[in-house]
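K.L.:
Below is one structure. I have some questions about it.
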Ligand code: NDP
């Protein structure tokens, strides 16, 4: 049954994706992305593998031969090895997710008033996964460069798997929804396929598809792709370069941080507001492994040797970006846990009390933090993340624009996310949000934006 009461309609505006009614333009945009985004991952693979990372060489060949001819010539096909590896990977991760012990954490209240609990075993799953991978490689049972060597087949196959999983999520939302009143329909099937219908779809009571896909498939594979490219560089070059070592160190720190702080992730937009559709399912199964790791892929194929001083400075800035990102997120996490008992930078934290209604008709309360980083700008965590991502691209030391894709993507993603989140928060908290914006007028950088 579709939600239609005034209460549900009102609550629909304060959570999840925008717009109860999509225009034809919105549907066209969503359908273009469903087609163009997978093509984008294929083009990135082709440029890195066959054009030495040069977009201009790729563009010249396209101008000469035509895009269709280039795509036909170089597009990777799904392979048996890739399909088998992905099936084994998903199966192994599902077992770890289901059976490894972990602390229980709570998400945020959903619009229908559910407070879902999650078993947080991401860190132990990361350790087990990498230990098993290390042991298999050590005893010669698995090629550490397998991912890099089979990258074309893996990109093609993860594209198909991501599209398929999004399709199954779409069907499940109609046939067997986990929380029927937490679904959101836009009136456009294409848009619903793209953005998702169910907020927190589960298999059974506990197997949360969104947490599994985002964290145990997407984030988990990131470090393995980096390590595999490092191994490939070693096998082809005879040694590993400082740039790939520092890049992998920086990204491992980010991934490990994610798993160490998994309970914090439950309060982020991904889990609390984004629905489970193509955007998240395909995004975490295919886009994240393909695009976030471009730097390591580039260095695996085309090693660079920037000066050590340059690498040291960029690495230090990367660490600074990470420290900022972590400290901002920690402050909000502590504020949510401790409320008025929380102290920030040695002083009692200051808050604006904001209220909102869930669809069960209950009035609930949030505290908007106005101290520390959250008094400096409204999204200082995004600033730290953007600095970090630019540094991880700069570590490659190449002038090819393609190695900057991750940083450009993060800047766009987070700027867009900030705008859409703030629109939602204005509706959700009303005057309290306006008061917060007056008190903290800057979104990212004071004096800039
Ligand atoms: P935030 O963690 O900043 O969460 C935003 C939410 O926080 C808002 O929706 C609101 O939620 C609440 N909020 C906003 N202002 C305040 C305040 N002053 N006090 C208390 N609560 C407030 O955003 P994200 O979930 O987007 O990002 C989390 C982290 O993940 C960020 O550091 C980001 O950089 C990173 N990230 C990384 C990505 C990647 O691909 N590597 C992708 C996306 C994010 P509510 O409605 O519950 O009040």
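Using the three backbone atoms N, Cα and C, a Cβ is placed for every residue, glycine included.
Taken from TrEMBL, the feature transmembrane segment covers 23-48, 82-100, 120-141, 153-175, 276-295, 307-325, 386-415.
Quick one: where do these features end up spatially?
P.N.:
For the transmembrane segment (82-100), same-chain residues at least 6 beyond its ends with a Cβ under 8 Å from one of its own Cβ atoms are 121, 124-125, 128-129, 132, 146, 150, 153-154, 156-158, 161, 206-207, 212, 216-217, 220-221.
If you look at the transmembrane segment (386-415), the same-chain residues 6 or more away from its ends with a CB under 8 A from one of its CBs are 44, 47-48, 53-55, 243, 246-247, 250-251, 254, 291-292, 294-295, 298-299, 302, 304-306, 310-311, 314-315, 317-318, 320-322, 324-325, 379, 444.
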K.L.:
When each of 120-141, 276-295, 307-325 is checked against the transmembrane segment (23-48) for Cβ pairs under 8 Å, which one has the most?
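P.N.:
Ranking 120-141, 276-295, 307-325 by Cβ pairs under 8 Å to the transmembrane segment (23-48) puts 276-295 first.
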K.L.:
Find the member of 120-141, 153-175, 307-325 that has more C-beta pairs under 8 Å to the transmembrane segment (276-295) than any other listed stretch.
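P.N.:
It is 153-175, which has the most Cβ pairs under 8 Å.
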